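Quick look at what TrEMBL annotates:
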type	residues	note
SIGNAL	1-23	signal peptide
TRANSMEM	290-314	transmembrane segment
REGION	325-389	region 'Disordered'
COMPBIAS	333-347	compositional bias 'Polar residues'
COMPBIAS	356-366	compositional bias 'Polar residues'
COMPBIAS	379-389	compositional bias 'Acidic residues'
TRANSMEM	426-446	transmembrane segment
TRANSMEM	480-498	transmembrane segment
TRANSMEM	526-547	transmembrane segment
TRANSMEM	553-572	transmembrane segment
TRANSMEM	584-603	transmembrane segment
TRANSMEM	609-631	transmembrane segment
TRANSMEM	671-690	transmembrane segment
TRANSMEM	696-717	transmembrane segment
TRANSMEM	729-749	transmembrane segment
TRANSMEM	780-799	transmembrane segment
Amino acid sequence: MAGRAAPAAGALLCALLWAAAAAAGGGPGDNPAPGAFGRVYRGAVNISAERVYAFAYRSEPGQVGATSGAPGSSRRGEHRVPLTLWGRESVPGSYQRTYNYQEVSRTLCPTEPTPETRPSDQIIFVDVASMAPFNIAYELLVTRLENFQLETNKAFNFTASPSQPQYFLYRFPQDVDSVIINVVSDAAYPCSVVSVQDIVCPVYDLDHNVEFNGVYQSMTKQAAITVQRKDFPGEQFFVVFVIKPEDYACGGSVPSSVHGNANRTWNLQRTKNLQVTIVPSIKKSVYVQAMFFSFLGFLSFYLGSVIVAFVHYIRVQRKASAGRLSPEHASGMMTSSHPISASTPEGSSYGAIDESSCSGGRQLSSPERRPPAGSDTDSSVEEESDFDTMPEIESDKNIIRTKVFLYLSDLSRKDRRIVSKKYKIYFWNIITIAVFYALPVIQLVITYQTVVNVTGNQDICYYNFLCAHPLGVLSAFNNILSNVGHMMLGLLFLLIVLRRDILHRRAMEMKDIYTLDYGIPKHFGLFYAMGIALMMEGVLSACYHVCPNYSNFQFDTSFMYMIAGLCMLKLYQTRHPDINASAYSAYASFAVVISLAVLGVVFGKNDVWFWVIFSMIHVLASLALSTQIYYMGRFKIDGPESDVGMFRRAVMVLYTDCIQQCSRPMYMDRMVLLIVGNLVNWSFAIFGLVYRPRDFASYILGIFICNLLLYLAFYIIMKLRSSEKLLPIPMFCIVATAVVWAAALYFFFQTLSSWEETPAESREKNRPCILLGFFDDHDVWHFLSAAALFFSFLVLLTLDDDLDTVRRDKIPVF
């Protein structure tokens, strides 16, 4: 039943309503006036005069009676609850504003179904009173709700306002264990709240108390709440709809007519048309199917890897039985040492130039004068005498050591045991970092999930509520399950690297000539670190999706920074085995990046000073790194020079290399790469400074990804220009990487929620599941991005397999 009062004056009215069984005897007054449902009663009351009405109705067996009482609160068979009404009801809002409404209505808390097998008579008493010393006119209308109980798969339309909240009853059908409450509206505002509460009286259906009980969401155009039978022992619940007096909670603002005197009382009509539909959620069998699909889908990668390894083993055995090919036939290149002339094509070596265009030409060294590539020596490349020097710069006595043509044998003379041990540090360090980083993250997201479960506030986490399937204490198990691919494929990549590492060690122990003097020097520490990083990306992405929000988004991207950095480091180290970046320095750099990401979350919203400082750091870091890459780590600043002296030296070197000495840069290909790279990075810096994107973590990740793709494209182009070839497996991995990344990015940009907006606005983007009725677009992104990263790692692992039978003094550096 619903009671509604619409007084003509603004003085306070108080209506006390209670229900009593017909046999209870007695009532609130000696002579209550009989009342009829659907009829408007008019009168006047004051401090000494009140009016009492009695409304009788018959309750059918098994029917929910809309009385004012709650089960277990009776006294002498009487159910009683007070209801306070105001003429032009005042609803408090923000900033001490008060909003008055001419019409007020409440749904009275219903009674339990009558246990009798025959109809019983019920009575509701309404007492209208006022504290005013003068007469106050009023109107009273009491009606019975014909559609109080919601039905499954049936839409129901109604209207609500801040002074006229609505709530309805829903009972679980026998064969349904979980339902989804879908609420939609054509208008975003006024802001509303949807709440699911247990069958307890009083029902919290006002703006100031709707959050006291049950589960609730703020709403603009769309809301969805998943409700499980196990959470309600009575197998029924109330769905409550409250309209807020203001729209701040949903991202709106005070209407323009309200701005002005904050102490005024505003008369606003804030009604909202709503439609609620309750549909059954998925069954337990769908959970099982989804888990089988996830694990079996990625186990197929294991099967494919076993097949490839078996085929490779058969081919190797056939070659071994036929006698191993000589390097001349295997590589199609001459093995006799010969001097490298200045006329060597630019495409066959890195940065080759015509020395006739330079003043002071250099005498190039011959491979014949170098020690064997396989010899183990502790001498570093800077200590070798066959690196000729530039003429002295008169204003600066420091020397930059360089060489026009470089081959891998020039840079691969460090003791393999030292280098291998150095790269193993990457593996153990990243494990330590992963443990210390993940443990507090897991603890934090568990706390988030606990707060959501205890308070019922579903505005804390930004789920896709139309496809959020709970399991246990987790609100969106599907978003967590979809990250299993990162962990499974990361483990598979580790196994593939381990197999290669074991085979390489065996060949080293056997003093195999192809292992000692041919191909790219093998170091697997970075590959192990990449595999661990891929697994940890899955773990931390799952942690983020336990409760996705603005505060913990950096958890989802932290190891993506490390993956991109490790890939670039590995790609560079492949052709520069002499430049072994310290694991401590590399991870310290990643720590700086993650620290910047955290600072961006805190200060990157509106603080211009942060973006100015970050853009300056970005540009200067790009220039410094470009200098190191251009001179392959040999740009040295020795002596106690000031910062001004350092930059003066850089200008002098640029002048010497590009103007005084040659008509073009000494290393043309490298210069083109660095120019393009700096343009890209400067563009990122300008974009960030101008637009200041709120998603700072994704902004930094975009910088890393673009630089990695740029360097990978340069590497492949230079490899093809050097007359090297791509074997079938790396070619397949490159194509698979491109295709899978394209598909993954398509689903990534299907925005299903956004913590850059309010929770209510974010829910407008929610969409239903698209895969097996269990996974949404973002889950598909998880699946595809895991596969794309796996193929990307395989590209780096197999890209130079064609060089395994090529002497290192024939492999150019670029």
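Just so you know, glycine gets a Cβ as well, placed from its N, Cα and C.
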(request) Output the single range from 426-446, 609-631, 696-717, 729-749, 780-799 maximising the number of Cβ pairs under 8 Å to the transmembrane segment (553-572). (result) 696-717
(request) Examine the transmembrane segment (290-314) against the transmembrane segment (609-631) and state whether at least 3 Cβ pairs sit under 8 A, considering only residue pairs 6 or more apart. (result) no
(request) With pairs restricted to those 6 or more apart in sequence, evaluate whether the transmembrane segment (584-603) and the transmembrane segment (696-717) have 3+ C-beta pairs under 8 Å. (result) yes
(message) Same chain only, please: residues at least 6 beyond the ends of the transmembrane segment (671-690) with a C-beta under 8 Å from a C-beta of the stretch. Say none if there are none.
(response) 611-612, 614-615, 618-619, 622-623, 626, 629-630, 665, 699, 702-703, 706-707, 710-711, 714
(request) Establish whether the number of Cβ pairs under 8 Å between the transmembrane segment (480-498) and the transmembrane segment (526-547) reaches at least three, counting only pairs separated by 6 or more residues. (result) yes
(request) Go through 426-446, 526-547, 609-631, 696-717 and flag the stretch with the largest number of C-beta pairs under 8 Å relative to the transmembrane segment (780-799). (result) 526-547
